[in-house]
Ligand code: ATP
């Protein structure tokens, strides 16, 4: 058998028994049976048992095992069993959380999995890449990833980047002619498409020849082991903190052990002291809380149309201070409607277009021939600019499909945002005629002639001035102006030179109104200390008009064109960017420079993009945002977030959520650390003043592992509240655990430790050490649960925010039920070393536990009023 690259397109189609209309449903099923699905072997997720066992690697576990042994030696066998039981329970909980978080992230990934366009039963359809089968007719455009290997059967200026496969980063020109050679290297098989490469230019069609593991990339097994999700800076930060803390704890525990021994306490009792301290101090829930909150947060973002592709970006999202946004479709509705046309010095409304007028007719026809939007059964699909042109044709009862069938396209130069032009070639009345449409500034430079009612003549300075003047006045109304030109050629294949020496013959002006929510979202941004910037391929005057309408371009702000920043040095650009809020006629390279300039000024930059050329800028930005609807697969792949509704206001919402997720993590961490600090301080105090250990290890274990995780998770899901977007963006270079945070943790720890030791003394006076320990344990446990309400937000609670997060109350109630069972149920009392308490003792515990809530809230009020002074 011949290789596919040796076959002609026809032979390939015959080989796979596929027609131009694509496979039938039946053929698709047969193909899956015969060749399998387009799936690479998935990276196996870690087995839950492994996750379970890895929970025992923790430092805390080792300490607790020592505690279990010490308890056994001291004859407290029940304690030993409880410690072991709690350890196993904790490992089970840890495993469940881990698996859940992983599943949630996996399903989010599936949301942003790539798709492909295929022709089946005469219909173009977009399907998940995994559903492409051998024999399918794949249709590719600039920015598409190739879903499987295929033999090219149609190509129009098609170029591919095959670096994933060949390592060569320069794009390869593709063609359809067979190659009559044996043993052709992959890089030279220029009529083949390979999975995982992507289209950088042009478009084409191919018959799929191999899918899944049969494809070239599928055979390179090592590439499949896709990288594991790296831990985020926040997770790393906290892990490092945890390690340092562990070291510190060992030192302090050793000190406490020494102190007890020096005082003459027995070895076992001194050991118990040291172990209690260690158990109290280790914040075991810390890193799992971060993972859970991040996973829950990304799920919520996805519900609000922002899909996070890279977990660490959730953290930077909250510190974004610059949003560079596209105009068309993101700030505007992307529903273009032609308002006026202009030919030979006359501007007419769309209603006054006259089919009998030669230039009017030519303009409308050129709009139909030189565009790709099509009418399907129920709607028009394609680029909105071109849909507007098809709508215009309909006004004159011209059907784009009929027109394109009677005057077929012979060759084309597809639109790209660098050239800002699109050109097609067709035979009209026996002559090869080229139509070009595109940006007026570009076409004016490329036109040597002009067509008026009197015919074609060389273009003069006065014509250029007239065109520029009308363009200016239309653009000033926020209209997008598209220029049209034509020429004759001799060849039947287009090259870029055919876009020179054109005959300019008219303009079409269309309206793309701003989205209703844009202005409000821009205002929210500005209030939140975030600067919104418009970066568009559109004309400067149009862009400025729209930017002014929605509040991006304000008094004193400037609008620049891409060309104007081209010659600026890095330093000059850095100086310029703070005063510019609109960049027009920008090419993708300019975007990278603008992002870098802002980054040099210390800002965290979010940047939107959709085209294949936007990928480098999306990667350069701290948060690259790809458009879900209009964006290319390559842009989505490079982005850290994908907007499923392409809407600017979604970015603002996502930033709000990013701020809230970061706050929630910080608050949950504060909750855990302040509680632990209270435990440490109480034990340290007892050790220093020569009391007996105020808690047994099981007590601290109970608090740290059972009652503490519930409020921490509840704090993690605190909804975003109004204050968030009134703050300035967080300084990304500041660590989460800064000085102010440390001081708060310490102060709150002191308050809780004080009430705990008060309870201890009360108990000691009323019933001896056993009762004292029970009271200290119950007070520490309950006051930490109640303190969960304090930790929900930095601001003091108000009536409005008090009940905003029902989960905190649920966690509180559950915690109280757990604590109550241990305190009141006889069998549990024995296991948890509990002495029975009287009603008045229980009441004291209740009252003491409310003290931290009152003190901390008062403190927040005082702090707030001081800040406002
Ligand atoms: P954004 O604001 O998202 O950058 P844009 O549509 O304004 O979007 P581009 O798509 O890069 O930016 O378009 C730049 C210019 O190219 C437009 O102002 C218009 O003059 C021209 N143009 C746009 N679409 C087409 C098209 N389909 N064919 C020919 N020219 C086009």
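Using the three backbone atoms N, Cα and C, a Cβ is placed for every residue, glycine included.
Mean pLDDT across the domain 'Cation-transporting P-type ATPase N-terminal' (3-76) comes to 84 in this model. Summarising the annotation, TrEMBL assigns domain 'Cation-transporting P-type ATPase N-terminal' to 3-76.
Per TrEMBL, the feature transmembrane segment maps to 59-75 (among others).
Below 8 angstroms of C-beta separation, residues 59, 271, 273-275, 277-278, 281-283, 680, 683-684, 687-688, 690 of the same chain, each at least six residues beyond the ends of the transmembrane segment (245-265), sit close to that stretch. What TrEMBL records for 245-265 (among others) is transmembrane segment.
Annotation comment: TrEMBL describes 271-296 (among others) as transmembrane segment. Panel annotation: around the transmembrane segment (271-296), residues 58-60, 63-64, 66-67, 70, 74, 90, 94, 97-98, 100-101, 104-105, 232, 234-235, 238-239, 241-242, 245-246, 249-250, 252-254, 256-257, 260, 265, 311, 314, 661, 664-665, 668-669, 672-673, 676, 679-680, 682-684, 686-687, 693-697, 700-701, 704-705, 708-709, 712-713, 716-717 of the same chain, lying at least six beyond its termini, place a Cβ under 8 Å from a Cβ of the stretch.
If you look up TrEMBL, you'll see 668-688 (among others) marked as transmembrane segment.
The transmembrane segment annotation in TrEMBL covers 700-720 (among others). Counting residues 6+ beyond its ends, the transmembrane segment (700-720) has Cβ neighbours under 8 Å at 64, 82-83, 86, 89-90, 93, 276, 279-280, 282, 284-285, 289, 292-293, 296, 656-657, 659-660, 663-665, 667-668, 671-672, 675-676, 679, 777, 780-781, 784-785, 788, 791-793, 804-805, 807-808, 810-812, 814-815, 818-819, 822, 832 in the same chain.
Long-range neighbours of the transmembrane segment (741-762) within the same chain, counting only residues 6 or more positions beyond its ends whose Cβ lies under 8 Å from a Cβ of the stretch, are 666, 670, 673-682, 685-686, 691, 694, 772-773, 775-776, 778-780, 783-784, 787, 790, 841, 844-845, 848-849, 851-852, 855-856, 859. Among the features that TrEMBL reports, transmembrane segment is placed at 741-762 (among others).
Positions annotated as transmembrane segment by TrEMBL: 768-786 (among others).
Summarising the annotation, TrEMBL assigns transmembrane segment to 807-825 (among others).
If you look up TrEMBL, you'll see 837-859 (among others) marked as transmembrane segment.
Counting only same-chain residues 6+ beyond the ends of the transmembrane segment (837-859), those with a CB under 8 A from a CB of the stretch are 747-748, 751-752, 755, 758-759, 762-763, 766, 771, 774-775, 778-779, 782-783, 785-787, 789-790, 796-797, 823. Sequence-distant neighbours of the transmembrane segment (807-825) (same chain, 6+ residues past either end, Cβ-Cβ under 8 Å): 702, 706-707, 710-711, 713-715, 717-718, 774, 778, 781-782, 785-786, 788-789, 792, 832, 834, 837, 842. When the domain 'Cation-transporting P-type ATPase N-terminal' (3-76) is classified with DSSP, helix, strand and coil residues number 46 helix, 3 strand, 25 coil.
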